[in-house]
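Okay, structure first, notes after.
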2 protein chains.
Amino acid sequence: MKIKAILALVAITLAGSAAAQVKPEEAIKFRQSGYGFMAWNMARIKMNVEGTYNKEEVIKAATAIQAIANSGMGALYLPGTDKGTGWEKTRAKPEIWTEKEKLGKAAMAFNKEANEMAKVAAAGDAAATKEQLGKLGGTCKGCHDDFKIKD
Amino acid sequence: MKIKAILALVAITLAGSAAAQVKPEEAIKFRQSGYGFMAWNMARIKMNVEGTYNKEEVIKAATAIQAIANSGMGALYLPGTDKGTGWEKTRAKPEIWTEKEKLGKAAMAFNKEANEMAKVAAAGDAAATKEQLGKLGGTCKGCHDDFKIKD
């Protein structure tokens with residue numbers, strides 16, 4: 001058996017373990033849940049920097065965003081989930097499955113800023129949190145512009 | 001102004017900051033998102049203990065569950081969110097707003113086991129993970145039995 005064939009088999013086996021046991025509509029629902037929960041936590045941080053700053057609340061929110069960002073949600077973009085309905089009809093653009101390199105860069109930028117957000121939150125400075133929220137939000141928007149169908 | 005009146009005013013002011021700026025249907029959607037994302041991560045851990053154990057994936061999943069569990073989702077059970085539709089019609093039972101002590105105990109038990117799950121995941125032992133997943137799942141079920149309307 002050639003190396004290439006072995007590697008292909010390994011890839012199939014890996015895909016066949018955890019990810020492939022998730023049904024397409026479940027995968028769509030799970031990823032919408034991840035984004036939905038991050039949206040709450042982004043909104044909370046925004047409220048804190050615009051209103052009364054509660055360091056503990058910002059830490060909780062930033063920790064949740066960081067954990068979701070690093071959870072490996074890419075596994076939820078299974079083949080066959082470019083169309084379909086989870087909580088609602090997916091708004092994933094086909095480019096997610098065709099522009100892997102661009103998507104990878106967008107995902108890495110998002111993860112980087114989410115990790116930085118958690119650090120900034122731990123320090124507890126409102127102005128720095130506001131600035132980092134802007135950077136983090138920029139990576140969300142960048143990815144949405146390229147890979148999410150508009151409302 | 002009497003102390004009681006001042007305390008009531010403080011409570012209203014606090015409630016008026018972050019939490020009250022979230023619309024009821026958004027609050028319902030956000031909490032459904034949190035549970036939905038945890039469901040994925042519970043399922044992933046289950047797949048890992050039943051199939052090939054991938055320590056890194058289990059850590060990611062447990063970290064996400066822990067962060068969501070500790071995020072302060074209680075703030076999403078705003079007055080007026082006992083009925084309504086987020087992603088779907090809420091299945092929150094009225095007891096959430098009437099049996100505060102029982103609910104608090106259920107929430108604390110869940111947080112405790114979610115924190116323990118993250119510790120066990122970090123150690124990387126499949127059998128211990130399976131055992132802890134059972135304990136964590138038990139706290140989910142306990143709360144669902146008492147506070148969530150069945151399918």
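Numbering starts at 1 and runs along the chain as it is shown here.
Any Cβ shown, glycine's included, is placed from N, Cα and C.
Using a 10 Å radius centred on the Cβ of A:His144 (heme c binding site) and all shown protein chains, the other Cβ atoms total 15. Under the three-state DSSP scheme, A:His144 (heme c binding site) falls in the helix class. For A:Cys140, A:Cys143, A:His144, the entry in TrEMBL reads heme c binding site.
Annotated signal peptide per TrEMBL: A:1-20, in sequence order.
The Cβ of A:Cys143 (heme c binding site) lies under 8 Å from the Cβ of A:Leu103, A:Ala106, A:Ala107, A:Phe110, each of these being in the same chain and 6 or more residues away along the sequence. Listed in sequence order, the residues A:Ala106, A:Phe110, A:Thr139, A:Lys141, A:Gly142, A:Asp145, A:Phe147, A:Lys148 complete the 8 Å Cβ shell around the heme c site centroid, once A:Cys140, A:Cys143, A:His144 themselves are left out. Its Cβ taken as reference, A:Cys140 (heme c binding site) is surrounded by 20 other Cβ atoms within 10 Å in the chains shown.
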